[in-house]
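The annotation compositional bias 'Gly residues' is assigned in Swiss-Prot to 175-185. According to Swiss-Prot, the compositional bias 'Low complexity' annotation covers 500-513. Under the heading compositional bias 'Pro residues', Swiss-Prot lists 514-523. What Swiss-Prot lists as region 'Disordered' is 171-198, 500-553. The feature zinc finger is assigned by Swiss-Prot to 229-251, 257-279, 285-307, 318-340, 346-368, 374-398, 404-426, 434-456, with sequence analysis given as support.
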Amino acid sequence: MEESHFNSNPYFWPSIPTVSGQIENTMFINKMKDQLLPEKGCGLAPPHYPTLLTVPASVSLSSGISMDTESKSEQLTPHSQASVTQNITVVPVPSTGLMTAGVSCSQRWRREGSQSRGPGLVITSPSGSLVTTASSAQTFPISTPMIVSALPPGSQALQVVPDLSKKVASTLTEEGGGGGGGGGTVAPPKPPRGRKKKRMLESGLPEMNDPYVLAPGDDDDHQKDGKTYRCRMCSLTFYSKSEMQIHSKSHTETKPHKCPHCSKTFANSSYLAQHIRIHSGAKPYSCNFCEKSFRQLSHLQQHTRIHSKMHTETIKPHKCPHCSKTFANTSYLAQHLRIHSGAKPYNCSYCQKAFRQLSHLQQHTRIHTGDRPYKCAHPGCEKAFTQLSNLQSHRRQHNKDKPFKCHNCHRAYTDAASLEAHLSTHTVKHAKVYTCTICSRAYTSETYLMKHMRKHNPPDLQQQVQAAAAAAAVAQAQAQAQAQAQAQAQAQAQAQAQAQAQASQASQQQQQQQPPPPQPPHFQSPGAAPQGGGGGDSNQNPPPQCSFDLTPYKPAEHHKDICLTVTTSTIQVEHLASS
């Protein structure tokens, strides 16, 4: 006897169910296939359900396996019931073929000897033609087609046409009703011509082998961008399948690549290398036009647009509606619009401060966390910084590069902040009025004083700072009081000077108001009336004239006094001479 294509090893065969159970399973499978796979063609292979085999004796060994149903039923059907049997004719077929058999439930009582005959096994060849056997040893009172796989275990799954069982059942019914027996060849329906289209399930998801390819509707949305691969977890789209697979590892796989400088981990070594450039400050991508360098190639490509010969509107097509600035992409425009609107969507979780840019929030968060990702790579230097600009300024100290020079004294500094602090010493406006209470050092601003106080590291810095502020306030109040006292003293001195001036003026006025002294008899001032007698004689004596002409040297009043003195002396001399 030839070996059957079915595996005869009972180890690979599960327990054989009853005929009623097989019929229920078959009806359930056909129902589920009608619901889930409404279209022709399916990418899912049906499961193989072992059946109860009853091989008739009329089939020869060359075309199949012959066995009497009544005599061999006990050998092949140890689990079957005594009153119900299932009859399937098995014919050897190539391993790529498909067998469709009519499964019948024959209510056969042993006391009845008559059986109705029907068509036997139906086989589909690899070319697609249906072959029915003309065996008369089968019993098909009720024709319920069932799919039986003829492949050995481990073979490739077969493509099953869902409606094939119904068509075979109708064919068997017509042939059985027409005369009961003859076999024939039934041609399957021709497949539709043209390119195969993606089959859609009722749930709306496309049925395809590659889970990363976009659906037809999504292809239309991303046709302009050229992104045909989408992540199933976060719906991001990518240009190539490799990029999407690398991205998908962030959702499903672990991140074995850890940064040696911080606690971040990455799923790909390329992402880790790109992240390490942040700590090292390396910028391997340089611009050929302006010699600027960038950490990522995409940043260099975006920067190269500035040097392009295209028009400015083409390079920066996105224009701000509030001002005349233009931008190369929408993200830069959205970031710029926050300046006009005042929106600050990024909030600090520690102090509730808000920022317009995410990078500003990240820099601010490092103040609370103490993270210093920018470390100096100079041998023997272990300094780290929160910002890249601070690291670049620190590197100039190792290189002895001091590009910031003072135009007054020609001193040079490594950064602009140091130069600005130095320039304040050349101006009177920025005087060093903030003095340290511990070492008496003075600074131009309170911020510098606070930084200096941290170096002393006192046990209670805040109290000392408050005491210093109170002492400064007291000193300022005392200075104001002294200034007020000086102002009052000056006012008093001015008042005294004014009083003295007024007194001198009053004394001068009193001296001017006193009457002149009496004159001698023989001296008459010019214009005086003659002495003596009668009223109105025409002979008037001329006034005596002074023999001393002192007019060029003295004014009239002093001249009068001198004349009186000289006259008195003359009278005395004459009196002495006469005596």
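Cβ coordinates are placed from backbone N, Cα and C, and glycine is handled just like the others.
With a cut-off of 8 Å between Cβ atoms, the residues of this chain six or more beyond the zinc finger (374-398) that come close are 261, 278-281, 363, 366-367, 414-415.
Ranked by number of Cβ pairs under 8 Å to the zinc finger (229-251), the listed stretches 257-279, 404-426, 434-456 are led by 257-279. Taken residue by residue, the zinc finger (374-398) breaks down under DSSP into 11 helix, 4 strand, 10 coil. Residues 302, 305, 312, 356-357 of the same chain, all 6+ positions outside the zinc finger (318-340), place their C-beta atoms under 8 angstroms from a C-beta of that stretch. In terms of DSSP helix, strand and coil, the zinc finger (229-251) has 11 helix, 4 strand, 8 coil. The zinc finger (285-307) scores a mean pLDDT of 82 in the predicted structure.
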